[in-house]
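Shown next, in structure tokens, is the structure this report addresses.
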Amino acid sequence: MSGKYYIGIMSGTSMDAIDCVVVDFKDDSFSLKAQQSFAYPAEIKARIKNIFAQDYQLSLFDFGDLDYQLAESYAQCVTKILTENNLNAEDIIAIGCHGQTVYHQPQGVRKFSIQLGSGNVLTALTGIPVINDFRNKDMIFGGQGAPLVPVFHQAFFADKGTPRVILNLGGIANITCLHPKKPLIGFDTGPANTLIDQWINKHRGQAYDQAGHWGRGGILLPKLLDRLMQDPYFAQSAPKSTGLEYFNLQWLENQLSTDEHIQDVQATLHHLTARSIAEAILRYQADTKALYVAGGGARNEFLLDLLQEYLPAINVQAINALGVDEAWIEAIAFAWFAYCHINKIKIAFSATTGSKKDVIAGSYHAC
């Protein structure tokens with residue numbers, strides 16, 4: 001292949017943006033050549049959010065149309081980032097595209113995960129090979145199909161002397177426990193931003209709680225927090241994964257009475273995220289010295305303060321301290337997964353997903 005770089009595209013469960021990066025990989029290191037965050041198309045976002053609404057029925061037409069339309073949006077992002085950085089399709093070896101998760105079924109005999117954003121459409125519109133569908137092969141071999149990014153964290157952010165945790169705060173929170181003397185551990189701890197975002201959107205019409213200001217102004221409701229923490233998912237042993245099909249407004253509202261003040265619920269949801277993460281870290285790597293936070297939630301100052309409060313012996317800081325902007329971590333990871341696929345490198349997802357076999361991840365779509 002004549003290209004030099006890889007593109008990574010990531011749009012998480014919060015659908016706050018489409019992140020696109022151009023990366024150069026050199027064995028055990030990488031350099032970021034270009035990065036850009038694009039607004040998530042409002043119409044597509046609204047239609048996808050409907051999928052998670054109670055009693056909503058997605059037609060096959062809507063599924064196919066959304067799959068195609070989102071790939072068109074991804075292609076527009078690729079075109080823009082190449083044009084604005086004086087690059088062209090021939091400079092790119094492959095695109096690693098996660099897609100938009102609309103259903104994740106990690107339990108049962110037939111496990112599967114569904115992401116929108118057609119790889120065939122994306123490669124046809126960009127003229128660049130596309131690797132996507134990173135989860136299902138792992139699930140066929142018994143894995144949870146998630147989380148995937150911990151193996152990337154291990155490859156580039158592990159420290160030989162200090163136990164550390166990488167925390168990603170997207171819609172769902174997941175942790176990577178990196179210990180110099182223990183095997184890799186990584187799993188979804190539960191909700192990160194999803195309930196916080198959905199609650200403020202319902203009651204104030206805002207997409208997210210800026211820096212956690214609204215939540216900080218509320219009062220913790222201890223009894224409600226305890227009820228929420230009693231959900232079986234939090235006590236379930238790793239490996240485990242979850243998504244918006246589980247932690248959503250219906251799940252929350254089933255736990256509410258009629259007398260909670262809405263701002264106090266928002267404060268309590270911040271505590272739910274922080275406490276569930278803290279308990280998971282203390283359960284699986286109690287000797288952690290540093291917690292590095294990535295994802296959109298790293299910009300929620302109230303949430304970071306609560307994490308420090310729940311983990312007083314651990315230094316909580318943004319992953320920027322390791323030399324990488326928190327906003328691009330997951331997009332870089334999927335560019336790396338594409339790099340691994342092209343170079344026929346099997347990824348050890350089994351360490352965090354429970355898969356019985358490490359595989360060359362993803363499906364290849366040629367131009």
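Just so it is clear, glycine is given a Cβ too, placed from its N, Cα and C backbone atoms.
Copied over from TrEMBL:
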type	residues	note
BINDING	GLY12, THR13, SER14, MET15, ASP16, ALA17, ILE18, ASP19	ATP binding site
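A Cβ within 8 Å of the Cβ centre of GLY12, THR13, SER14, MET15, ASP16, ALA17, ILE18, ASP19, the residues given for ATP, is found for these other residues of the same chain: MET10, SER11, TYR40, GLY170, GLY171, GLY296. Look at the Cβ of each of the binding-site residues ASP16, ASP19 and count the other Cβ atoms within 10 Å; the largest number goes with ASP19. For the binding-site residues MET15, ALA17, ILE18, counting C-beta atoms within 10 A of each C-beta gives the highest total at ILE18. Using a 10 Å Cβ-Cβ cutoff, SER14 (ATP binding site) registers 23 neighbours. Counting every protein chain shown, the Cβ of THR13 (ATP binding site) has 22 other Cβ atoms within 10 Å.
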